[in-house]
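Engineer: In case it helps, Swiss-Prot gives these features for our protein:
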BINDING   E97, N151, D155  Ca(2+) binding site
TOPO_DOM  1-171  topological domain 'Cytoplasmic'
TOPO_DOM  193-222  topological domain 'Periplasmic'
TOPO_DOM  244-374  topological domain 'Cytoplasmic'
TOPO_DOM  396-404  topological domain 'Periplasmic'
TRANSMEM  172-192  transmembrane segment
TRANSMEM  223-243  transmembrane segment
TRANSMEM  375-395  transmembrane segment
Amino acid sequence: MALFQYQALNAQGKKSQGMQEADSARHARQLLREKGLVPVKIEEQRGEAAPRSGFSLSFGRSHRIASDLALLTRQLATLVAALPLEEALDAVAKQSEKPKLSALMAAVRAKVVEGHSLAEAMGNFPGSFERLYCAMVAAGEASGHLDAVLNRLADYTEQRHEMRSRIQQAMIYPCVLTLVAISVVSILLSAVVPKVVEQFIHMKQALPLSTRLLMSASDAVRTYGPWVVLLLVLAIMGFRVLLRQEKHRLVFHRRLLFLPVVGRVARGLNTARYARTLSILNSSAVPLLQAMRISGDVLTNDYARFRLGQATDAVREGVTLHKALEQTALFPPMMRHMIASERRRARRHVNPRGDNQDREFSAQMTLVLGLFEPLLVVSMAGIVLFIVLAILQPILQLNTLMSM
């Protein structure tokens, strides 16, 4: 969905303005008419499509969004502790230096002025405030501790942003190293090796096996290289199209979770996110079944989300939380034993386990990247060494013949 800024006339002919989420401008006008408003002007706020999943506002890129949301939530938590909610929202809207963020908070404030609760007002913008956010705000309003809940939300958002940034930074060096390695080997085989080997061919000298293998590899790269690249691009595009189908995506995500090394990292990422989300929802007095359902929805792996949905159904039928999580085969034994069947014990133990899961996931990422980087360097060095030896061997043989 997109976010539209509108100006409209109400039944009394007074002008009003605000934000409306809709699939299109036509849909936005229809929604405004259903509210008894006559649209005068509607402008789409670019870059504000609602994400499929994740915990973010919908203006701009995700790594900026998380920090914006954390700052907004922190400011709101500070203000609601000392000011009425309407004044706090007005102050946050005016404080923001980003027009789109300011307009959204003004729209939320307008809903609150109309008589909606803060959670209901934010729920009118699902592309900006997720179910997790709205559920926690609703729990905070019901318990009378909205400021404390908002502070937990800010902490949660910052931790999510920090983990995402850590993963991205950790992946930069291996990706760059891989691209450089492929580029260097391709240039050597397609441009350098043919010119050197051509001199040996003119000498009509019997070439060593390594040199003949190098010549074959060079010919293959020059002849079939562009086709291989084209096939790879087509394969990636086809794979992406295939993953758009739910049944194929579910099978792929299931296999991904149980691969030897990558699977452990993927499971760690998803279980850490689930534990962290369940922790913050439980501590905010959100009902357990609702907390489990929302915690599953924030996961990026479809199979993990499916299995945890089954766990939620099992708990609804009377199975203990410990047993339901055990049946998913996703969580490590220590976590299953730390989470009790009753919500009271879950509220006590999930939070530290969420911290443990974050630490374990970071350790797993460090281990995987620590193994990958030296393996890539050694492989690159081995290939370059083979190329150098394949070129030097005929030269050394030629020098030997000339000395004889």
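Using N, Cα and C of the backbone, Cβ positions are placed for all residues, glycine too.
Note that the structure is predicted; figures quoted are calculated from it, not measured.
Each of these features: where is it, how hidden is it, and who are its neighbours?
Structural biologist: Residues within less than 8 Å, Cβ to Cβ, of N151 (Ca(2+) binding site) and separated from it by at least 6 positions along the same chain comprise T73, R74, A77.
Remote same-chain residues near the topological domain 'Periplasmic' (193-222) are listed as 186, 386-387, 389-391, 393-394, 397-398 (criterion: CB distance under 8 Å, separation of at least six residues from the stretch ends).
The average pLDDT for the topological domain 'Cytoplasmic' (244-374) in the predicted structure is 78.
For the transmembrane segment (223-243), same-chain residues at least 6 beyond its ends with a Cβ under 8 Å from one of its own Cβ atoms are 186, 190, 249, 252.
Residues 174, 177-178, 181, 184-185, 188-189, 193, 196-197, 200, 205, 207-208, 210-211, 213-214 of the same chain, all 6+ positions outside the transmembrane segment (375-395), place their C-beta atoms under 8 angstroms from a C-beta of that stretch.
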Engineer: By a simple count of other Cβ atoms within 10 Å, which of E97, D155, the binding-site residues in the record, is least packed?
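Structural biologist: Among the binding-site residues E97, D155, the lowest count of other Cβ atoms within 10 Å belongs to E97.
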Engineer: Tally of helix, strand and coil residues over the topological domain 'Periplasmic' (193-222) according to DSSP?
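Structural biologist: Counting residues per DSSP class in the topological domain 'Periplasmic' (193-222), I get 24 helix, 0 strand, 6 coil.
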